[in-house]
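Worksheet for the structure shown next.
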Amino acid sequence: MNLPSRLRHLRRLLAAAPLPTLGATHSPNPTSSRPLHPTRTLPPRFRVPVLPARRLFSEHAILPTHLQEERFAAISDRIYEAVIKTEAEPSEVTEAALDALGAELTTPLVADVLHRLRYEEKLAFRFFAWASHQDGYSHEPATYNDIIDILSGTRYKSRQFGVLCGVLDHMKRHGTRSVPVDDLLAILRAYTEKHLTHMRKLAKKRRVRMRTPPETDALNVLLDAFCKCGMVKEAEAVFGRVRRKLLGNAETYSILFFGWCRARDPKKAMKVLEEMIQMKHTPESFTYIAAIDSFCSAGLVSEARELFEFMRTEGSTISSPTAKVYSIMIVALAKVDRMEECFELIADMRSCGCMPDVSTYKDLIEGMCLVGKLDAAYRVLEEMGKAGFPPDIVTYNCFLKVLCSLRKADDALELCERMIEAHCEPSVHTYNMLMVMFFEMGEAHRALDIWLEMDRRGCKRAIDTYEIMIDGLFDCGKTEEANALLDEVINRDMKLSYKKFDAIMLRLSAVGNLGAIHRLSEHMRRFYNVAMSRRFAITQKKKSIGLRRK
């Protein structure tokens, strides 16, 4: 067979059975020439639009391009916003918000939400747990890999969620939604032997007998991870499953107790505390302090008072209230205007031999001023003197700070008179707070009176005083007086802070005072390195441009 006949034979074979790797359609014209290349361009009617695909942090999943449509993005945004808005709430609130959306879950949708929550590991796990209980949806191994990557992305997260990652990996490999008790104990035991050996080594070194099995330490880490994600119910369910074979210790009950305190459920927290005492575990003073502080911060003052009374009665033989507990409780009561109870607790402290310290009185005065109880605050000042703590300038300034923030000028000046009568000389900080208050109230003449009062009282002005006065004068349009004070700063060779120097330069530029700009620049050149000043200016400009772009 000659060469042309061989070529014709080969062409017929290619036309009859095209190679599958070519990815090209067969042309009816056998004599037409076409490139035999695997990356052949599709015809226009088969062309797929190229959309930017979101690549997840894990290598095994890339969201399909057709899921980048507006409807998919809208659902993802709604789920993400629901999770973020309920960040400070218990997991039940998050679950209710997600249920209200009525979104149909798919694996790419869950992967996209997890990708957006990748820096909020606690919220990501909360969403992952909610999605696992939805009808018509089950996690695929790729989704398990994503959440494991999130929970163990850094060294800190690896310690915090180490056991949790082991549990999730077990669920992924066995394709189940729950882990049997024996398998869970095996996971806890393996984690303890690998990561928590230092606790047993320390006990052995100090010759302390550990009364709990090693798995208890890993169990506490697991429960703590659940509680910090706001999933206290799940933590309690895990403990309920393993408690027949693995008894908890005092730390186990403390973790659950703190979890219910964060969830703002005082009844269940008290139930755990009672069970803790029944199991002969000793609650520490820190347990009570943290719980009372959590309740007071959440506005649950009555519940905090109930826990405080429980500490005084049921827990008196275990851990009696300390001055710190009394201080937290007194300040919380003062902020909700329950003054009589405050003074009752102060009297109770003295009867128990637990004298209030200076910080307790200061916090109490601040709480009373915030609710407008100035007469009661003055009464506390008198109580301080009787208790052997005569009010000093720091105490008066704390009092004055609240009055100035509330812009109660007459009360602030009356307090200053009381200071002088008590032979407590006002400090520079005292005068600075008064001047700031008067400038904010638009009463520059009264701020000037305070400035002159400093001369009469012999109080030496600091650079902060000059900066406050110059800013205030510029704000009220008194440019000449501000420039005169600026010349005084230069003549006295005083060093302005660089931030204030930059702000004054902007003000001088706005009014076009080139002479003052030159004098101030030459003055500040002695205090600051020129290269560092330029770098600071460039950095501030970049920040300003970045904020405008946002």
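Using N, Cα and C of the backbone, Cβ positions are placed for all residues, glycine too.
The feature region 'Disordered' is assigned by TrEMBL to 18-42. Feature annotation from TrEMBL assigns repeat 'PPR' to 215-245, 249-283, 284-318, 322-356, 357-391, 392-426, 427-461, 462-496.
Note: the repeat 'PPR' (215-245) comprises 25 helix, 0 strand, 6 coil (DSSP; helix = H, G, I, strand = E, B).
Residue counts for the repeat 'PPR' (284-318) under DSSP, split into helix (H, G, I), strand (E, B) and coil, are 26 helix, 0 strand, 9 coil. Mean pLDDT for the repeat 'PPR' (215-245) in the predicted structure: 87. Counting residues per DSSP class in helix, strand and coil order gives 26 helix, 0 strand, 9 coil for the repeat 'PPR' (249-283).
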